[in-house]
Amino acid sequence: MKMHDFVAGDVRLSSGKLELLHNNEWGTVCSANFDNMTANVACKQLGLRNGSVLQDTVATGTSRIWLNKLRCNGQETKLIDCSHTEWGIHTCSHGNVVGIRCEGNGDVRINSGRLEVYYNEAWGTVCDDEFDEKDATVACKQLGYNNGKFLDSNGNGTGNTWLDDLECTGNEPTLGDCKNGGWGVENCDHTEDVRVECVHSNE
């Protein structure tokens, strides 16, 4: 993935889990009082839209829990501008830290069989380099299916190729969470655009 220079107060999503940078250390946010309006502010800070709180959060790990009772009015531009308790003061466990979903970057759709992904306010394609059934399945799970098939590389799309060299394990929550070369980093043309089929499998 591309490197990014993070600064204090930055936010990121890690498998849906909301993380916040403080004292050069990434930590999580307690779920107490956290609502969709607060999720909207986090998503807005990430350049995305329409935040919502995930009901089931995978929150394993030993990272610090930085903030508790975080509440936004929706007008803030950064999560740290919202009301909250003192940094590091909480009564939470890692089982009740916040997970959110943002609409925008990383959304997927199927267009005439062609897999497309949304990034930087535009839909683009996915290159077939390293693409396999595991990648197709992750994309299809985003769309509510439980399995996916890689059909071929004759998508013939237009615009940007947003993802290349995808290597999913099959357990990632979104296609963008899979190992890849970085958003927009590719050496493909549209004859290599991936086509997939999403299915409900009983297996």
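Note: Cβ is positioned from N, Cα and C throughout, glycine not excepted.
Predicted automatically and left uncurated, TrEMBL annotations should be read as such.
Between Cys82 and the candidates Cys72, Cys92, TrEMBL annotates a single disulfide bond, the one to Cys72.
Of the listed cysteines Cys168, Cys188, TrEMBL assigns the disulfide bond with Cys178 to Cys168. Counting every protein chain shown, the number of other Cβ atoms lying within 10 Å of the Cβ of Cys82 (disulfide bond) is 20. Per-class residue totals from DSSP over the domain 'SRCR' (100-199), listed helix then strand then coil: 16 helix, 37 strand, 47 coil. Long-range C-beta contacts of Cys178 (disulfide bond), restricted to its own chain and to partners at least six residues apart, with a cutoff below 8 Å, comprise Asp135, Val138, Leu166, Glu167, Cys168, Thr169, Glu172. For Cys72 (disulfide bond), the Cβ neighbour count at a 10 Å cut-off comes to 22, with all displayed protein chains included.
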